[in-house]
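Chemist: Below are the features listed in TrEMBL for this protein:
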BINDING   Ser14, His73, Gly149, Phe150, Gly151, Gly152, Gly180, Gly200, Thr201  substrate binding site
BINDING   His39, Asp41, His73, Asp178  divalent metal cation binding site
ACT_SITE  Asp41  active site, proton acceptor
ACT_SITE  Asp178  active site, proton donor
Amino acid sequence: MSRHATPCCKIGPSILCADLSCLADECQRMMQSGADYLHLDVMDGHFVPNLTFGHPIVKCLRPKMPDVYFDMHMMVENPEKWVESMSDAGANQYTFHVEACEDIPTLCRKIQEAGMRVGIALKPGTPVETILPYSELFDVALVMTVEPGFGGQRFMEDMMAKVQYLRTNFPNLDIEVDGGVGPSTIDVCAEAGANMIVSGTAITGASDPSQVIALLRNSVENAIQKSQLER
């Protein structure tokens, strides 16, 4: 598994919250504002009630930003169905929901063989223990801090217990948080041990996205530095 010896801070704007009528320009704006990667939400209208976009959009974006890391958040039923298509389109990370998969080891291997990093996501109601048997098979654990597929929800601070558990037991794991994360909630995420930060409107809707990204990064990097000193 390709994990960092010490997980570093990575900020990934959720492009679903951007102006989709000029998606490529918005993606470029996010990267120029200091983002480390882009978080792309794929919803199928079944696993979650909303529809977004699929691999054709990713394929169109890839030539315009050949070096950008695309993190695909697959909020879909039968996630094994789209692995090859997303890989061919240029995705770098394939994050599926544990609740949508019956054979997790096979799917993880399939993603790895397709040349992508493996992410495994947990809904708020799913115990963190659900993914522990597969800890050697994934690169990133995504802890949802809202219910996936619904907008306008409040950040669930009690989900930080999952983040803390994962960071304590898997110190080199990339731990991602997604949902209601912004300047007012970043400190609790950082202190719990999250290092991959997905943020939507807090970044895309800001008058100065670079300032927000810098604020989020500063909080996470300070928390990482503090944890290293305490070891």
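Just so you know, glycine gets a Cβ as well, placed from its N, Cα and C.
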Chemist: Using the recorded divalent metal cation site (His39, Asp41, His73, Asp178) as reference, state which further residues of the same chain have their Cβ within 8 Å of the centre of those residues' Cβ atoms, listed in sequence order.
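Modeler: Nearby residues not in the site list: Gly12, Ser14, Leu16, Leu40, Asp71, Thr95, Leu142, Val198.
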Chemist: What is the total of other Cβ atoms whose distance to the Cβ of His73 (divalent metal cation binding site) is within 10 Å?
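Modeler: Taking every protein chain into account, the count is 27.
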Chemist: What are the sequence-distant neighbours of Asp41 (divalent metal cation binding site), meaning same chain, six or more residues apart, C-beta distance under 8 angstroms?
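Modeler: Non-local contacts for Asp41 (divalent metal cation binding site): Ser14, Ile15, Leu16, Thr52, His73, Met75.
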